[in-house]
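> Dropping the structure in here first, questions after.
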């Protein structure tokens, strides 16, 4: 019987097992703020490491970067964020609740069975016309009496220095991409990379979202994993398809089922004016389909904008053909928090097993890919009298992996605890271990056990981490 996955179950497990806690909880919390606990930080770091491994370490084309969160204000003027990075807002005149007009429209589309529910690029007039014609009432009070739609800039503004004037105005970056674009020439010069090549970055971004929600899916502070891939104009669609396939396979190789993800290509009416193509990889969350990964062919728009505003030359001289051109950019942009949440949802399972006296025993298990699991193994001495030997096993394995140690409670309860946090292997040290140098290795997914020489355990774990 298929388990019903709900966000309530996922959130409860995350809170109870130390994956994710509400932010500032002892002070009543802060709306839509989340802290990654001991297991959560290991898990999310593993997600980031997996992305870096595939998109940087294993790619001869790509290099890394870590740019500053605070940047010169003119960067955001050039990119268009100061003038145009905004959401369409409207208030209910009756109950004073505030909503994003485009989200009201998209929610209505979804509720009425639309295959593609998007209002991207719609004007204020188009949004209001749709809301009025379809009688989309206020979700809070049920009245149809809204203010006019107005734009609200999403960037967090602050000041650098001791005086709060326009000369000291800075923003918390709303995306990591612009830090890559402004460093394009420096990276190309110092690495001697030839086009095509890419620059990858993982980092925090901030958006003053009006309607955040669904746990860590949409938050005001979030982490991005972005690649800006620079290629010769005319080869961009070929590279666009290459990176689409790479992103898709990354998710499948780490355990996502194909029926739970889909590739949605943007229609012409959705495309930005500068884009040749854009596709989103979406995941089927308990609350519906949600975007994980956006892959966009941004042409030469970004580099040209920065060249225009900075006065710096952003052209590339091809050493083979002596051609000069501004490279086109393919951008696969992935939310670290979103994809981490998707992996948690995908892994969650409840299995009905026969317990004592024929009663049904429900086993909660997280089928995380071992590469993503917070702990790769747990060392479980059968008795506290075996602690010395168990410590030796722990000391050896912890040099290579993040492993847990647990000697409290029955062995069955310890197995269940590790199942619930996704630990792939439980390694039991028993009294026979002292005689034969073997341990019992239990597999999380099928619960099968095998006796293994202590010196062979490392190889078993290493093999499981491949993807």
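Note that Cβ sites are derived from N, Cα and C of the backbone, with glycine treated the same way.
What Swiss-Prot lists as substrate binding site is 100, 175, 222, 223, 224, 225, 226, 331, 332, 333, 334, 335. Feature annotation from Swiss-Prot assigns ATP binding site to 207-209, 217-222, 291-292, 335-338.
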> C-alpha of residue 338 (ATP binding site) to C-alpha of residue 332 (substrate binding site): distance in Å?
14
> In angstrom units, rounded to an integer, how far apart are the Cα atoms of residue 207 (ATP binding site) and residue 222 (substrate binding site)?
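Pair distance, Cα basis, whole Å: 8 Å.
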> Might you list, by sequence position, any residue in that chain lying six or more from residue 224 (substrate binding site) with a Cβ less than 8 Å away from its Cβ?
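Non-local contacts for residue 224 (substrate binding site): 175, 176, 201, 202, 203, 204, 205, 333, 334, 335, 336.
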> Taking Cα atoms as reference points, rank the binding-site residues 100, 226, 332 by distance from residue 220 (ATP binding site) and give the first.
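Checking each of 100, 226, 332 against residue 220 (ATP binding site), the shortest Cα distance is to 100.
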> At the level of the C-alpha atoms, what whole-angstrom distance separates residue 218 (ATP binding site) and residue 332 (substrate binding site)?
18
> If you measure every Cα to Cα distance among 100, 175, 222, 223, 224, 225, 226, 331, 332, 333, 334, 335, the residues said to bind substrate, what is the biggest one in Å?
26
> Please report how many Å separate the Cα atom of residue 100 (substrate binding site) from that of residue 209 (ATP binding site), as a whole number.
9
> Hey, what's the Cβ neighbour count for residue 207 (ATP binding site) at 10 Å?
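For residue 207 (ATP binding site), the 10 Å Cβ neighbour count is 21.
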